[in-house]
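Annotation source Swiss-Prot lists active site, nucleophile at Asp309. The active site, proton donor annotation in Swiss-Prot covers Glu352 and rests on sequence analysis. Residues or ranges marked as region 'Disordered' by Swiss-Prot: 619-645. Taken from Swiss-Prot, the feature compositional bias 'Polar residues' applies to 636-645.
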Amino acid sequence: MNVINCEEVKRDEFHTEKYYESYNIFGAHIVTEDEMRGVRFTVWAPHAKAMSVVGDFNEWDYEQHKMLQVTEEGIWSLFIPHIEEKEIYKYAIETMAGDVIFKADPYAVYAEVRPNTASVVFDIKGYEWNDKNWSRKKKKKSVYKEAMTVYELHFGSWKKKEDGTLYSYREMAEELIPYVVEHQFTHIEIMPLVEHPYDRSWGYQGTGYYAATSRFGTPHDLMHFVDECHKYGIGVILDWVPGHFCKDAHGLYLFDGTPTYEYKDKDVQENPVWGTVNFDLGKREVRNFLISNALFWMRYFHIDGFRVDAVANMLYWNKEGQEQSNEHAVSFLRELNEAVFAEDEDFLMTAEDSTAWPLVTAPTYEGGLGFNYKWNMGWMNDVLKYMECAPEYRKYIHEKMTFSLLYAYSENFILPLSHDEVVHGKKSLLNKMPGDYWDKFAQLRLLYGYFFTHPGKKLLFMGGEFGQFDEWKDLEDLDWNLHDFEMHRYMHDYFKELIALYKRSKPLWQLDHSPEGFQWIDANNNEQSIFSFIRQGDKQEDALVVVCNFTKATYENYKVGVPDFEYYNEVLNSDAEQYGGSGQVNKKRLKAIQEPFHNQAAHVEITIPPFGVSILRPVKTRKGSKKQDGSKTKVRSNVTSRGKR
């Protein structure tokens with residue numbers, strides 16, 4: 001890290017200009033000055049009356065190591081010789097009211113393990129990365145036209161040791177990575193790893209934005225974890241929270257005794273949703289703090305993406321009874337995304353946004369917010385409501401399963417089956433399913449089949465892959481003992497086969513963001529709650545036919561319109577006995593009958609299983625059949641696309 005001496009910094013740069021290397025100025029840096037080794041401490045506290053550095057080295061006496069104010073706008077700095085790495089410290093701040101408060105360093109790269117709250121001097125330099133091959137391979141791929149399967153996890157509750165203690169970053173590399181590789185996930189998405197005092201905030205209420213939480217080890221240990229992920233071809237996405245922060249006394253809240261990182265106006269300062277305070281995104285120093293932080297994680301931890309939390313809460317003010325857009329946040333998000341993509345054009349910037357704000361994933365030069373992905377919260381809510389409904393009543397809410405295709409190409413979407421839907425009394429995905437024991441597993445297999453064949457990249461929260469029965473319990477690990485039960489083993493086998501099929505089937509991801517990649521065969525069979533559609537790849541011969549039955553009825557010789565290929569094979573049936581189903585499968589090759597049906601040139605007659613999904617793949621290339629106007633048959637959607645980034 002290239003530490004910049006404060007006296008050499010242009011006086012107003014941090015305060016008035018875009019300065020995205022603020023971590024080079026602020027924090028605690030091990031340096032040599034005047035031939036003496038020590039630590040240079042620098043902090044921004046614009047309304048402090050006086051500042052000092054305290055720690056074990058001076059018995060926490062705030063009179064000993066007074067800091068020098070080096071800019072009128074409140075940058076303070078001090079070099080203390082003979083202090084070494086691992087020294088704990090805080091800033092003692094004399095406020096304008098005459099009080100002395102003690103704060104952790106906003107730019108510290110390491111902190112004490114909770115419940116202790118001091119910052120720790122740490123030399124973040126020195127880790128030797130081994131992921132050049134990963135970087136080269138990533139450059140050759142498009143984030144839009146590749147398969148993407150994201151495994152969302154909470155680091156502290158995926159798995160614990162027998163004595164209930166946490167695995168370290170290095171130990172998790174040994175435990176987690178082989179599991180992720182076995183399941184063929186392309187990425188892991190980790191809930192926030194910034195330092196945070198309260199375990200049950202899951203990291204979303206942070207105090208140390210530059211400090212990887214010490215619960216699991218040192219920053220270098222986390223670098224090793226990311227390095228190992230890259231070694232095995234796994235991308236790493238971090239949850240990141242630039243909208244709000246916690247009110248713990250040692251953190252950013254009222255940092256110098258006055259609103260510093262948060263809004264001054266009480267009406268917009270408080271975030272009543274989480275009991276936190278909102279970052280003042282109109283303040284240049286706060287923007288530089290946050291955007292520098294994003295680039296810090298990219299540069300020093302080689303992170304491949306951010307899932308930006310609570311974008312909806314940022315875009316609109318929290319004022320009661322009002323829905324007024326926050327132009328500070330809009331401008332900040334655009335600036336953030338421009339800075340991130342200038343650093344790495346292949347980075348993943350995903351917005352967790354439940355609003356109808358337009359052009360979230362459009363480039364800023366087109367008037368968009370500049371993200372390249374957005375969680376499809378509407379799809380998630382509609383589909384889960386549909387699945388929770390008793391099967392005999394699903395025909396009355398049929399549109400919940402078709403509505404998403406009316407806007408599927410308005411943004412670049414990720415379909416999330418996330419942690420938010422399996423906690424706080426919402427039940428696990430398996431337990432959301434109505435009916436008896438067998439019905440629940442059959443419908444979860446069906447849901448996953450629909451999930452993997454619907455346009456959009458995929459995200460699943462941990463435990464869903466084997467049918468976790470209880471909802472997520474953040475203080476415990478997953479119920480790994482469920483593998484002792486046959487139906488959970490069947491579910492696990494099915495999920496692995498489904499994800500493998502997804503990854504090797506270009507029609508399921510190649511045109512995720514183009515209307516050319518999807519066509520309804522029959523979207524209107526509400527009486528039987530059966531949906532059928534085509535997924536299409538770049539090549540016309542790359543096509544899959546998907547049929548989903550959301551009731552327990554079995555149908556023999558059911559006619560489904562298909563593109564004009566000669567034969568079809570069933571490549572996956574969720575009702576197969578090896579997955580715990582009843583065995584209503586289509587074993588034989590299906591000959592396409594050359595009679596139009598469902599606006600297709602031909603049709604097949606198949607067995608449709610109860611609560612089942614059947615995926616058909618053409619055996620031979622298309623015969624070049626002609627439509628009545630003489631043109632070749634072409635799979636095409638009736639929805640329009642805004643276009644890709």
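Just so you know, glycine gets a Cβ as well, placed from its N, Cα and C.
Fair warning: this is a prediction, and the values are worked out from it, not measured in the lab.
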Rounded Cα-Cα span from Asp309 (active site, nucleophile) to Glu352 (active site, proton donor), Å: 5
Chain-internal residues, separated by at least six, CB under 8 A from the residue listed as 'active site, nucleophile': Pro192, Tyr204, Asp239, Trp240, Val241, Pro242, Gly243, Glu352
Glu352 (active site, proton donor), number of other Cβ atoms within 10 Å: 20
